[in-house]
Amino acid sequence: MEMDDDEAILLDDIYALASTPNQTIVTSSFPQTVSPGFLARRNEALAMVEVAVQSTILILTVVGNAAVLAMIVSLSRHKDLGRMYTMIGHLSCADLFVAIFNLLPQLLWDVTHRFRGGRVLCKLVKYVQVVAMYASAYVLMSTAVDRYTAICHPMRSHTWTSTTAHYLVIGAWVLALVFAVPQLVIFDYVEVVPGSGVYDCVDHFRPRWTLPVYITWFALAVYVIPLVVLATIYLRICVVVWKSANRKSTPMINVAARTSGATEQPSLDDASVSFNVADGGGVDLDPSGGGGSLSRHAAQLSHRQQQQQANNVVLSRAKTKTVKLTLTVVISYLVCWAPFFVSHIWSAWDPHAPFEGTEMVITLLLGSLNSCINPWIYLAFSDQLRRKVTQCCPRSWGQRPSTLSHDSTDFRSGSRPTHS
């Protein structure tokens, strides 16, 4: 079938693919390879479905994440919400960035079929689209690191504040901005076929082997490496939670056994030391009765002993709930983006990969769905956010009891301030 000029692929001057089975098109944030059959003619029915689905995802992503951010800002005016809500706010900001700078440009591009913005806008759009993808993954890793510190090293909560969490997220964004720089070189606004008058924003790789190498690097940096890091962190967290669950029947630590030379061991009513993880790993001395010598011994526990004891106490229900929330967000990210990266890596290295236009569009839509469902995950695990929604929409949502469990509502328990 002979192609029209408007539908022709970029040949000698750009792609130099006259003898290769697969050729490159751009329907996502970075290059991908598909068979020449897909390039011959745009499937208008598929394009209409893609535009409709992308529009729905875009609207839900913006509304959902903007609502979560507004609720967090409103709640923070009345009290310190702790680091977990800080990280949820950063995740929502990253998802909004994905919606505005990745989904929206892609939607407009799908509507017009050809890019209409010129050379500068072409490079800028392709750059920020990939920045959004890097940032989404790296902010997610920052959240995992924050939860790892709170659960596995509770004594660090005194120094690991919300400001520290902000710096961690800033580092994630800096990495995203740096790693996306190759997009500025790879993409350009060129005439599809010399003399045709039809321009588009396309990628150009010379030599051609750099195409699969770049796609592989992108998949490693955005998906595979974060997958390994997240799996390692949450494996460690799950081990700590599991060990804590096995000790749930002994939340108080009797320090009488540590008193050398004692012939009698006072009961917990005489003296006890309580390590409150939810309150940042502080130590509560509770002397009563005739346990004066025991109290003096407990007061002389070294910081190292305190940290060892704090790491062995039962985790609060609130912190366990934050682990469930962030783990759900991580699983959602991995599941939604897995088909996208698997199909692109496969197509990059295998000329006969079984992926055509329809399959590529579906994988792209699945990846876009991730930013859309995250706000619902936050609402599912946060009683406080749900209660805020109820207060804003009492008629449609119905009134809920105001006496909720403090630990499940605030992602923490205890009466003293905490940064976790």
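In case you wondered, yes, glycine gets a Cβ from its N, Cα and C as well.
With respect to the membrane, Swiss-Prot annotates LEU46 and GLY197 as residing on a common side. Of the listed cysteines CYS122, CYS152, CYS238, Swiss-Prot assigns the disulfide bond with CYS201 to CYS122. With pairs at least 6 apart in sequence, the transmembrane segment (213-233) and the transmembrane segment (125-145) have 3 or more Cβ pairs within the 8 Å limit; the two touch.
Same-chain residues lying 6+ beyond the ends of the transmembrane segment (55-75) with a Cβ under 8 Å from its Cβ atoms: 81, 85, 88-89, 92-93, 95-96, 98-100, 103-104, 107, 365, 368-369, 371-372, 374-376, 378-379, 384-385, 388-389, 392.
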